Amino acid sequence: MGRPAPRPLLLALLSLAVCRGRVVRVPAGTLVRVVGTELVIPCNVSDYDGPSEQNFDWSFSSSGSSFVELASTWEVGFPAQQYRERLQRGDILLRRTANDAVELHIKNVQPSDQGHYKCSTPSTDATVQGNYEDTMQVKVLADALVVGPSSRPPPGLSLREGEPFELRCIASTTSPLHTHLALRWELHRGPVHRSILALSHEGRFHPGPGYEQRYHSGDVRLDTVGSDAYRLSVARALSADQGSYRCVVSEWITEQGSWQEIQEKAVEVATVVIQPTALQLAVPRTVSVTEGKDLDLSCNITTDRVDDVRPEVTWYFKKTPDTSLLASHMLARLDRDSLVHSSPHVALSHVDTRSYHLLVRDVSKENSGYYLCLVALWAPGHNRSWHKVAEAMSAPSGVSVTWLEPEYQVYLNASKVPGFSDDPTELQCRVIDTKRVDAGVRLTVSWYYRMNRRNDDVVASELLAVMDGDWTLRYGERSKQRAQDGEFIFSKEHTDTFSFRIQRTTEEDRGSYYCVVSAWTRQRNSSWVKSKDVFSKPVNIFWASEDSVLVVKARQPKPFFAAGNTFEMTCKVSSKNIKSPRYSVLITAEKPVGDLSSPNETKYIISLDQDSVVKLENWTDASRVDGVVLEKVQEDEFRYRMYQTQVSDAGLYRCMVTAWSPIGGSLWREAATSLSNPIEIDFQTSGPIFNASVHSDTLSVTRGDLIKLFCIVTVDGAVLDPDDMAFDVSWFAVHSFGLDKAPILLSSLDRKGVVTTGQRDWKSTVSLERVSVLEFLLQVHSSEDQDFGNYYCSVTPWVRSPTGSWQREAEIHSRPIFITVKMDVLNAFKYPLLIGVGLSTVIGLLSCLIGYCSSHWCCKKEVRETRRERRRLMSMEMD
């Protein structure tokens, strides 16, 4: 059984191939036109072969049975005789719109043009297939549309802006067919026409561009009056409404469910002229006002409108006299609701119906310029809307602000003049004979200093302080630090008085001083601008400077005394050219000339300051803490006492006196310092003379050995019982080859047997002991390299006096002895040698072991012996 063929698909392809061919089309349905209008019938061809540009033939038949040639695009003699005249006049013509499309135009259609129109195309195809013609029916109706204005000729309306107006258009039709009318109002102004409002054939309203808002607000309306009148109503006329108004009416008919316009007529209804609203403004031409006063400008309005219009008034300010608003500043605005919008210090008021006043308070020079008044008139519209009916700008009003500067004089005097250094100085700068200094003017001061010169050289003034208009005080470089420290005080005592006070006047402050009083004027933004400066005459601050003189005389009231007695010394002070002096006293002591124990050494013992506060300075004798007293006998006399004097107290004693001068409050300034004549304490005695020396059996030791040093005290002169002698012994070392370093305390032993050891940074230790009455042994155990150097001892002898008190003698020092610490070479190299030999032996044995193992196991090869063949020699005689 065979496979069936796909018959449906094959039949479809076959029918598509057969049906495909040329297609000629004209609009489907019936085309309706009115007598006198233009008829346009389009025709196009598709799916054809041959050239791209196709030709068309048009034929007409009134009944649809026999067609008469009407027009052709390619054959001149194609039209019938009755149509050739209309073709020549252009009433009938063909207009090609594309290579495959053409339009038939028949102007001024007549009833005889009603019938059937056929469009055909000559064949250019290889095979004839498809349709080559298409036909449509045209109906021609009589003109039954009547359009006209409500009155003839068209009226001319003259209106004012804001007034209402109405226009009417009559339109009707008596067509036997069911037709609809569409109406459109247009405004023509020269070559430009605008659509205002239209009523479509479907009964819908369409406002034109720019009229949407007015239509929705009800300002522009379109309604019918009766059966044939259409009324355009404008509630408020605008200047843009001026022009010629036309009523355009079109008639529509429905054919096979679609609407088509069959004719359109237009008629001139009216010409509307909008008269502009007269608006004039009057402002003063020029105004002069004093700075600080109020500026009052009026803007008077004149208009021919008597209806309900509301003005909007705006004032502008600018620096140039033109009327352009460029680079202008708006000052105030009164809107149509009578709400005022203004900048600070500006007010806008409504005086009467047609007068508006601008008030600028507290004017300044910045207000000089030109003022413009801009007025706009607003008329109410439909549905609470407003529209502008007029606007005008006034001529510029020139305003000049004059300044009447304040008048005053400045007088400077010195209320306090210094007689000495550190005395206060006070200057007062007063403002007198003031005129025109009101609340809008502030007076501030600046202080200046100028150094006096003996010659005629000009010296620049130095600013001390300046006060700005906001009362801010700024210091100059000369006075900044001293003002911050409170030495310079600038103040305003009264409204007209400024003061400058120097708490402590120095010689550098001598010179000329003057003040400058500045007038500041307040601006509208609450800022202050300087307007005037007035200088005072200078005041010279000077006093004759003489050197301060301070003389101190010391005396010893009691005669010569012995050790253990009380020493007393008084110091009398006298001064000149020092203001209200107070004295501080320092007692000093120096060793007498020839004392080698501590030459040129000055020791401070006790002091008393200018407030009578006593202080022990370098008095270190703990056993005699209360042994010295310094007291004030009179304002210029002081007494020093030292109880239980020692032989070691011998020396030259002086009073060092410093004079202090008050500089204000509790502060004092050092005025002068002087040293009194010396008072000597010299104990004439035949007592023993002590000497000290250092001895060592070994001056060179090996590191680690014991260093033994003896401090030996010898006594010359009087023989003393050992129980009447005691010694303070201290050992010092200078660890250098010379004595160029500071000595280091090793150990000390006081007369009571208490040992004190100094701090050291290495391991060796020291010990100090008394070997005999006059010998003291210092031992350095386990000496180090750092222990080399110069060693010496310091001895302070103590001797018991016949009264039983101990007297300290002068401290004595031994000559230094140099100790050398050597290094033990054998001990130093013993351990490194043993370690080196041991390491070498171990490394050698290890190398031998490695070599043996390598040769025995790793590098051994089997050697084969080569055998040689031994053959016996045969006798040559053998056969």
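A Cβ is built for glycine as well, from the same backbone N, Cα and C atoms used for every other residue.
Features as listed in Swiss-Prot:
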- 22-129: domain 'Ig-like C2-type 1' (DOMAIN)
- Cys43-Cys119: disulfide bond (DISULFID)
- Asn44: N-linked glycosylation site (CARBOHYD)
- Cys169-Cys247: disulfide bond (DISULFID)
- Thr271: phosphothreonine (MOD_RES)
- Cys299-Cys373: disulfide bond (DISULFID)
- Asn300: N-linked glycosylation site (CARBOHYD)
- Asn383: N-linked glycosylation site (CARBOHYD)
- 406-527: domain 'Ig-like C2-type 4' (DOMAIN)
- Asn413: N-linked glycosylation site (CARBOHYD)
- 424-427: motif 'Endoplasmic reticulum retention signal' (MOTIF)
- Cys429-Cys515: disulfide bond (DISULFID)
- Asn525: N-linked glycosylation site (CARBOHYD)
- 544-662: domain 'Ig-like C2-type 5' (DOMAIN)
- Cys571-Cys655: disulfide bond (DISULFID)
- Asn600: N-linked glycosylation site (CARBOHYD)
- Asn618: N-linked glycosylation site (CARBOHYD)
- Asn691: N-linked glycosylation site (CARBOHYD)
- Cys711-Cys793: disulfide bond (DISULFID)
- 833-853: transmembrane segment (TRANSMEM)
- 854-879: topological domain 'Cytoplasmic' (TOPO_DOM)
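Structure with Swiss-Prot features highlighted.
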residue: Cys247; record: disulfide bond; contacts (Cβ under 8 Å, 6+ apart): Val147, Pro149, Leu167, Cys169, Ala171, Leu183, Arg184, Trp185, Glu186, Tyr230, Ala266, Val267, Val269
residue: Cys299; record: disulfide bond; contacts (Cβ under 8 Å, 6+ apart): Leu281, Ala282, Val283, Val313, Trp315, Ser355, Tyr356, His357, Leu358, Cys373, Val375, Ser394
residue: Asn300; record: N-linked glycosylation site; contacts (Cβ under 8 Å, 6+ apart): Leu281, Ala282, Val283, Arg354, Ser355
residue: Asn413; record: N-linked glycosylation site; contacts (Cβ under 8 Å, 6+ apart): Leu427, Gln428, Arg430, Val539
residue: Cys429; record: disulfide bond; contacts (Cβ under 8 Å, 6+ apart): Val410, Tyr411, Leu412, Val445, Trp447, Thr497, Phe498, Ser499, Phe500, Cys515, Val517, Ser536
residue: Cys571; record: disulfide bond; contacts (Cβ under 8 Å, 6+ apart): Val552, Lys553, Ala554, Val585, Glu637, Phe638, Arg639, Tyr640, Cys655, Val657, Ser676
residue: Cys711; record: disulfide bond; contacts (Cβ under 8 Å, 6+ apart): Ala692, Ser693, Val694, Val729, Trp731, Glu775, Phe776, Leu777, Leu778, Cys793, Val795, Ser814
Residue among the recorded positions Thr271, Asn525, Asn618 whose Cβ has the most other Cβ atoms within 10 Å: Thr271
Densest Cβ neighbourhood among Cys373, Cys515, Cys655, Cys793 (disulfide-bonded residues), 10 Å radius: Cys793
Nearest recorded site to Asn525 (N-linked glycosylation site) by CA-CA distance, among recorded positions Asn44, Thr271, Asn691: Thr271
Rounded to the nearest Å - Cα separation of Asn44 (N-linked glycosylation site) and Asn618 (N-linked glycosylation site): 135
Subset of recorded positions (Thr271, Asn618, Asn691) lying within 10 A of Cys43 (disulfide bond), CA to CA, in sequence order: none
Helix, strand and coil counts within the motif 'Endoplasmic reticulum retention signal' (424-427) (DSSP): 0 helix, 3 strand, 1 coil
Cys119 (disulfide bond) and Asn618 (N-linked glycosylation site), Cα-Cα, nearest whole angstrom: 144
Counts of helix, strand and coil residues, the domain 'Ig-like C2-type 4' (406-527), according to DSSP: 8 helix, 65 strand, 49 coil
Chain-internal residues, separated by at least six, CB under 8 A from Cys119 (disulfide bond): Val24, Val26, Ile41, Cys43, Phe56, Asp57, Trp58, Val102, Leu104, Glu133, Asp134, Thr135
Residue among glycosylation sites Asn44, Asn691 with least C-beta crowding, 10 angstrom cut-off: Asn691
Per-state residue totals over the domain 'Ig-like C2-type 5' (544-662) - DSSP helix, strand, coil: 6 helix, 61 strand, 52 coil
